[in-house]
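Taking it in order: structure first as structure tokens, then the write-up.
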Amino acid sequence: MKFRGKIGTKRIWKDNISSEEARKRRERIIIVVSVVVILFLTLFGNYLTQKNLDIGIGENLLLIALVDINIILLVLVIFLVIRNFVKLFFERKRQLKAARLRTKLVLGFAGLTLFPTVIMFFAAILFFSGGMDKFFNIKVESSLEDSLDIAKTYYSSSTENVLDSAKEIGEAAENSNYFKKEGLPRLKRYVERERRVRGLDLVKVFSPKMEELASSVGEDIPEKSLERLNMSVFEQALKGESVATIQIVGYGDVIWALYPIKRGNSVESIVMTANFVPKSLMAKMREIETFLYEYKRNKLYKEPVVTSYLITLAVIALLVVFIATWLGFYLAKGITVPISMLVDGTKKVAEGDLDVFVDVISKDEISLLVDSFNNMTQDLKMQSRRLKRAYNELSSSNLELDQRRRYMEIILRNVTAGVISIDKDGILTTVNKAAERMIGIKTSKVINRPYGEVLRPVHYKIVMSLIEDLKNSKEGFVQRQVEIPLEDRTLTLMANMNDLVDEEGNYMGMVAVFDDITEIMKAQKMAAWREVAKRIAHEIKNPLTPIQLSAQRIRKKYLDNIDGDGEVLDECTRTIITQVDEMKSLVNEFSLFARMPSAKPKPNDLNKIVKEAMNLYKDANQNIIYKFKEDKDIPTMNLDGEQIKRVLINLMENAVEAIDKEKGKKKEERKGEIKIETSFLKYLNVVRLTISDTGMGITPDGKNRLFEPYYSTKKNGTGLGLTIVNTIVSDHRGYIKVMDNKPKGTKFIIDLPVSTS
């Protein structure tokens, strides 16, 4: 398997021109040649030890040389095996790429081959040693010799039997005159009878001229065996010699015997007998004789042969292990090289280089893996381009959406109306700054939470009533004025609630938009009360003057002229005049409230105005401590000085009365403190004026209604003082609020916007 690869945009060809590859190629050639030489020498040595020739001095020296060469090759193979494992060890120690995988493959192949190879090696040794011991056993040698003797004895006795039968048949026929012409018919019957009686396969009688006088042939003897009989045998019989011979045919042996019948010195006839042995015992006997000879010769080379075989088996076993390790290295290279290239390519891809291409020349599954990797990188490259285009488009869309979202957030953040949205599961999804400010909640604490968990019970009831009205509304929205009680005040809101539906008409939740109309409602109430005050002042003031004048005239005309009841007249007229004055004061208050002059701001120093107002009360109330903490960084402001002074006087008057009304103490024992503080809030561009006292304080319900016209906690109060204060502060575009002072009393906070001259 060859590999060539390209990582990044540059091809790296791993071919035979590199020195490392050339060295590995030389090693492979040496290994193949060594294996061929080992096999050749092993086979040649076995040939020399097993050939059926006498081994001379030259062959002995060659055999010794082959054994020595096998030993050298054995050492060489051991060296190569150890070298492979040492190389594997150092590769793993240096932590080369894929060294662990290479180690597993090599050890796996070596383990798979080593176990069966060792078993086969020792089994072969035991089998071969046992076989050699059994083969060169003394019983085997004696059995071979006995088998040879038995075969020789069998053929000797069979030959004698056939020859004796020929002699006896011939002599009996001679004595019975069967050889004469008149006795020939009886000779034939005699021959047939004798063949059967003696168990012969053939009996024939020939004349000296080789004419057949009588014949009896059995079924087992081959028909053409007589034709193959050598004529020299007949010539010996014609000379008067008894002849016995054994003829080997392809499928057995024929034992022949010829006995001459003499009359005087001449041969009168020849008797031939034969027996057929179905299997060639003669050939077997010769094989046994040859094998016995080779057995005795090979016995002399038992030890050298065993040693040679042991060395050969060791070489083969180690060669198998070496081939297994080399095959493990080869297969590991076929796997690890492309895997290493894939690892490098994967790292490049992880770093963002999608131009990686790995080129492997192979036709196995590795090439499929590499092709899949290349296809993946190409797909990733194309997908990356598409993603970049989509990302750019999406970025543009997101930028546009983000701009729209920010624009909507800016609108929601800066809009004066409070906005709250709830999804279809009742989760709060939007709360703008105005809503936070109005109802006193934090977006970070309530967003993405069910509204039922974050709303107070009183607020939850209001929301549920709006939702119920929305469900019953056919138009899909509801508008209603609601009052939201907070810790320090009550807000009057105009709430608008709508269903949220998408383009397909699917319900998505609800959105509530509410405006704080508290000040509007106060202004409306104040305008209404001003109109009432205007009418009351007009209707009441007109008759008061005639009443007062009439009482004064009655007092002047009749007080000195009435005897006895003058005191009653004096008291009644004085009461009328006093009450009319009080009613005029009340009417003047109404008239002042109804005809509240507009503010005429001009550059003023707020600290100076505070000092002037405070000086009016310092000497009049010795039981009260007055403190003023001024901020000298306050800039000059556009203020109506008289109206601001009136605000301070009104608030200090209320503070003095609150301290004087403290329960449980006499008036001269009642001690209190009135503290006025000014501060410049640069980040808001607002000047804060704080008036606090240590009086009896105000109830929570009183705080909510404190600035309403005609609401008063004093018995003789008109309820217009704080209303006028609120009006003056509002005319200066300011804001006033009331809260409890610590540890006791009341604190008024007035925020006035800065407007320098």
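Backbone N, Cα and C atoms are what each Cβ position is placed from, and that goes for glycine too.
Feature list (source: TrEMBL):
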- 333-385: domain 'HAMP' (DOMAIN)
- 404-474: domain 'PAS' (DOMAIN)
- 535-756: domain 'Histidine kinase' (DOMAIN)
- 29-49: transmembrane segment (TRANSMEM)
- 61-86: transmembrane segment (TRANSMEM)
- 106-128: transmembrane segment (TRANSMEM)
- 309-332: transmembrane segment (TRANSMEM)
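Helix, strand and coil counts from DSSP across the domain 'HAMP' (333-385) read 39 helix, 3 strand, 11 coil. Secondary structure of the domain 'PAS' (404-474) per DSSP (helix as H, G, I; strand as E, B; remaining residues coil): 42 helix, 12 strand, 17 coil.
The average pLDDT computed over the domain 'HAMP' (333-385) stands at 76.
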